[in-house]
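Engineer: Please find one structure pasted underneath; my questions will follow.
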Amino acid sequence: MPSYTVTVATGSQWFAGTDDYIYLSLVGSAGCSEKHLLDKPFYNDFERGAVDSYDVTVDEELGEIQLVRIEKRKYWLNDDWYLKYITLKTPHGDYIEFPCYRWITGDVEVVLRDGREMDGVEPWLPLEHRCQMPQGFTP
């Protein structure tokens, strides 16, 4: 089963961290992963200025990763979060960065595209490989 290392960078602004639940799904050219809760036991994840890493194992090969879907769900109180970027280390050792650099507020899903130049490359997945995107999301 393929394994990815996901690195999440939280902003260093005041109140940039969150205690909310953060879920991640990977969208590749050959399929989509299940939703994974990013959480380390007995560790305060997503603190202001933190760079946290998580191992994410998927059931099948996803092909080239093209999108990352982040889902933020309330833990206790509404808690905004400033997500700088996500870096993904593939099973082949390649690194892909998904920039965000914005506040994520409320219970919401955010879809991030990688930061590579898309010159001559189809930026969207073929219809048969698309996962269910958040409501209102149109490619």
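Yeah, the Cβs are placed from backbone N, Cα and C, and that goes for glycine too.
Not my notes, these are from TrEMBL:
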BINDING   Gly17, Asp79, Asp80  Ca(2+) 1 binding site
BINDING   Asp39  Ca(2+) 2 binding site
DOMAIN    2-118  domain 'PLAT'
SITE      Trp103  site 'Essential for stabilizing binding to COTL1'
Engineer: Give me the non-local Cβ neighbours of Gly17 (Ca(2+) 1 binding site): same chain, 6+ apart in sequence, Cβ-Cβ under 8 Å, ordered along the sequence.
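Structural biologist: The answer is Thr10, Phe46, Glu47, Arg48, Gly49, Ala50, Trp81.
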Engineer: Over the domain 'PLAT' (2-118), what is the model's average pLDDT?
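Structural biologist: Across the residues of the domain 'PLAT' (2-118) the model's pLDDT averages 95 on the 0 to 100 scale.
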Engineer: Given the binding-site residues Asp79, Asp80, which one has the fewest other C-beta atoms within 10 angstroms of its C-beta?
Structural biologist: Asp80
Engineer: Return only the integer: C-alpha distance in Å from Asp80 (Ca(2+) 1 binding site) to Trp103 (site 'Essential for stabilizing binding to COTL1').
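Structural biologist: With the alpha carbons as reference points, the distance is 7 Å.
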Engineer: Would you mind reading off the Cα separation of Asp79 (Ca(2+) 1 binding site) from Trp103 (site 'Essential for stabilizing binding to COTL1'), to the nearest angstrom?
Structural biologist: 11
Engineer: What's the number of neighbouring CB atoms sitting within 10 A of the CB on Trp103 (site 'Essential for stabilizing binding to COTL1')?
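Structural biologist: Excluding its own Cβ, Trp103 (site 'Essential for stabilizing binding to COTL1') sees 13 Cβ atoms within 10 Å.
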Engineer: Starting from the Cβ of the residue listed as 'Ca(2+) 2 binding site', draw a 10 Å sphere and report how many other Cβ atoms land inside it.
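Structural biologist: Cβ-Cβ neighbours of the residue listed as 'Ca(2+) 2 binding site' within 10 Å number 13.
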Engineer: When you average the Cβ positions of Gly17, Asp79, Asp80 for the Ca(2+) 1 site, which other residues in that chain have a Cβ within 8 Å of that mean position?
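Structural biologist: Apart from Gly17, Asp79, Asp80, the close residues are Phe15, Ala16, Thr18, Asp19, Asp20, Phe46, Trp81, Tyr82.
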